[in-house]
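Below you'll find the structure, written out as structure tokens, and then a few comments.
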Amino acid sequence: MKSLYSVAEIRNIEHNMAESLPAGTLMQRAGEAAASAARAILAGRKVLVLAGPGNNGGDALEVAANLAGADTDLDAEVTVLYLGGPAPSADSARALARARASKAVFVDSLPLGRDWGLIVDGLFGIGLARPIDGDMRALVEAINALGRPVLALDVPSGLDADTGAVIGPDGVAIQATRTITFIGDKPGLHTFEGRDYAGQVQLAPLGIDPGQRPAAGARLNEPALFARHLAPRRHNSHKGSFGDVAVIGGAKGMAGAPLMAARGALFTGAGRVFVAAIEPAGAVDFVQPEIMMRDAQDFDSGDATLVIGPGMGDSVTAMRVLFKALEGKAALVIDADALNLIADSPDLQGRLAQRGATAIVTPHPLEAARLLGVTSAVVQGDRLAAARELASRLNAVVVLKGSGTVIANAGGAVVINPTGNAGLATAGSGDVLAGMCGSLLAQGWQAWEAAIGAVWVHGAAADRLVAQGSGPIGLTAGELPLAARAVLNALAR
Ligand SMILES: NC(=O)C1=CN([C@@H]2O[C@H](COP(=O)(O)OP(=O)(O)OC[C@H]3O[C@@H](n4cnc5c(N)ncnc54)[C@H](O)[C@@H]3O)[C@@H](O)[C@H]2O)[C@@H](O)CC1
Ligand SMILES: [K+]
């Protein structure tokens, strides 16, 4: 299980471990682990180590001592820019003495030149309490402008390890190539701006085995979390074995959105797929004639799983079919315009919350903001908290889309999705995702697993397309269903 620990949880673990280990042990282990990570990505002889005033700086000094120690076999020139205060912690003071005794050269301003084979970022870790400003800000900007490989210790300096936001207002953060994070992995490295600032994330548990760590409040999505639904299909199957999905949406001029959702459902294995259009645009979809076209006004969806909202608009008919869907017992995916209608209606919010946790809602940050009555900046500022709050208010599984999609349920479980890429930032990709959620629900998956499974597969489909050269630039949502089919079948095998 890939646990993600909040700063408070990490502090708690540190506190408990400190009592059973000799002083300085964890910092030494952090320094050793980071030094070997540094060796692995070194792109030249010169190493610049940035060491800040706290224990993150202490880790950096340990790295310098390891890379430039008398007994090292590494032929590197290590320069340390130490920005410590007058009273370092005992651990940091010990690390400082070790680094000063090594071959590392100490400087007090950023040396000229840009030929660093590696820059080690130990300015700030999880103790950063306010935006980086003044000379430190100028230093961070200068480092980022160099464009050299950067190994961040624990967290890229300036990034909030809980939220993935750059600590602001008006803050800056180090742009890392790789982040080696200590004790436990952290949510902020995997969502919002964290993906871009952290680069590749590597965990160094520092000898603390999982049994010594309490359960974390969040985790990274992985197929093991939904694997129990991935059984191979029985030979004696028929289309009724895999459920019906009905996509309700498609106001005037928006006929494509429900079709994208329908294709997402079809290619991930739903038995039969309908589009019930608010404004019927045609009797058949000639690209995908398997999809059955209906008129939402008089459509009887029977037991079908409903995906409601893509391109649905806000007409009286839209409102009426949404009301009916919320009244019904069918499993439900609520997306796009249906979310905006619900945001405007406390009555519909109440009905959704009362129908039991069989609904999946799939807002992007602005839709989530409308539902919560805040701005999208507030949602993005703490995506985990926003998803948790929404799941609890709506009594539903919430899929908060964006870089590092966050999935939360009313019981407080939170998962961050690691698959996917910038190619998904294109019209229609959300419709495909909603259809995929509906498809897995229709095939009997529980709402939670349908949501995390669909999000994982959807992202992996985009990754597959990029690996084949079909993105991220110009990746179209229409390509996702076929790629998702390949990913899902590979998982099922
Ligand atoms: N405590 C432990 O047992 C361990 C801690 N470790 C390291 O220690 C880090 C946490 O250390 P700290 O709690 O000392 O915190 P940090 O080193 O992250 O930073 C705190 C220091 O920065 C100063 N500061 C905060 N915001 C500032 C700002 N905007 N401008 C200028 N100065 C600012 C504080 O006054 C304090 O001196 C972790 O991220 C990790 O790298 C590791 O060595 C593993 C073990
Ligand atoms: K750092």
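Note: Cβ is positioned from N, Cα and C throughout, glycine not excepted.
Source: prediction; values computed, not measured.
According to TrEMBL, Lys401, Gly402, Ser403, Gly404, Thr405 bind AMP; the candidate from Gly373, Gly430, Gly435, Gly438 that the record adds to this site is Gly430. Record note: TrEMBL gives Asn56, Asp121 as K(+)-binding, and the candidate from Ser20, Ser89, Ser92, Ser157 in that site is Ser157. With respect to Gly430 (AMP binding site), the closest of these binding-site residues in Cα terms is Ile126, chosen from Asn55, Asn56, Gly58, Ile126, Ala129.
The binding residues for AMP are recorded as Lys401, Gly402, Ser403, Gly404, Thr405, Gly430; their greatest pairwise CA distance is 14 Å.
Note: His364 ((6S)-NADPHX binding site) has non-local neighbours Leu400, Lys401, Gly402, Gly430, i.e. same-chain residues 6+ apart with C-beta under 8 A of its own C-beta. The K(+) site is defined by Asn56, Asp121, Ser157, and by the 8 Å test on Cβ atoms against their centroid, the other residues of the chain that qualify are Leu50, Gly52, Gly57, Ala60, Gly122, Leu123, Phe124, Gly125, Ala152, Leu153, Asp154, Val155, Pro156, Gly158, Ile174. With respect to ligand 1, the binding-site residues Asn56, Ser403, Thr405 contribute Asn56 as residues with a C-beta closer than 6 angstroms to one of its atoms, given in sequence order. According to DSSP, Gly402 (AMP binding site) is assigned to coil rather than to any helix or strand. The DSSP secondary structure for Asp154 ((6S)-NADPHX binding site) is coil.
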